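Residues or ranges marked as transmembrane segment by TrEMBL: 6-27, 39-61, 81-101, 130-155.
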Amino acid sequence: MTYKVLLFVHIIGVILFLGVGAGSAFYKLMTDRSKNIQAIVKVNSIVVLADWLFTTPAVLIQPISGVALAYVLNVSLMEPWLFVSIILYILSISLWLIAVYTQIKMKDISLDALEKGIELGDEYQKYVRWWIWLGIPSFLSMFLMMLLMMFHYWIVGS
């Protein structure tokens with residue numbers, strides 16, 4: 001029973017991280033392309049809120065449930081596939097934390113532009129570029145980690 005509960009929690013964590021990440025990236029990029037400042041302010045606020053409500057708990061749940069699963073299954077954290085997964089997790093979360101900072105900056109810059117009645121300038125676009133370049137490897141690292149967890153038996157045979 002413990003194994004099934006831990007596995008369920010672990011899978012939900014991955015789904016939340018990847019799902020919220022992909023969804024937020026899509027609707028934020030589409031809204032930015034619209035150049036509608038009111039929509040951009042609203043969506044930037046929603047992206048930040050979604051990260052606090054969904055991604056942050058997933059980020060905290062993943063290592064706890066992962067280590068607990070390894071313990072229950074008597075699998076060493078130094079097992080090659082698991083060790084690589086841990087490295088990918090650390091990379092993904094490190095990039096995500098910086099991306100969260102850029103999201104907050106974009107939210108603040110867009111709100112300021114709306115209040116002043118001005119267009120979004122180069123500073124906002126700089127943060128958008130950073131957010132994209134941080135988000136892609138963060139998402140891919142988490143996705144690769146998920147694939148290792150799902151298919152490690154076929155990849156490395158253990």
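Yeah, the Cβs are placed from backbone N, Cα and C, and that goes for glycine too.
Note: TrEMBL annotation is automatic and uncurated.
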Residues of the parent chain within Cβ reach of the transmembrane segment (39-61), under 8 Å, 6 or more residues beyond its termini = 9-10, 12-14, 16-17, 20-21, 23-24, 27-28, 31-32, 93, 96, 100, 103-104, 106-107, 110-111, 114, 120
Ask   = Apart from its near flanks, which chain residues at least 6 from the ends of the transmembrane segment (130-155) lie with a Cβ under 8 angstroms of it?
value = 14, 17-18, 21-22, 25, 29, 81-82, 84-85, 88-89, 91-93, 95-96, 98-99, 102-103, 106
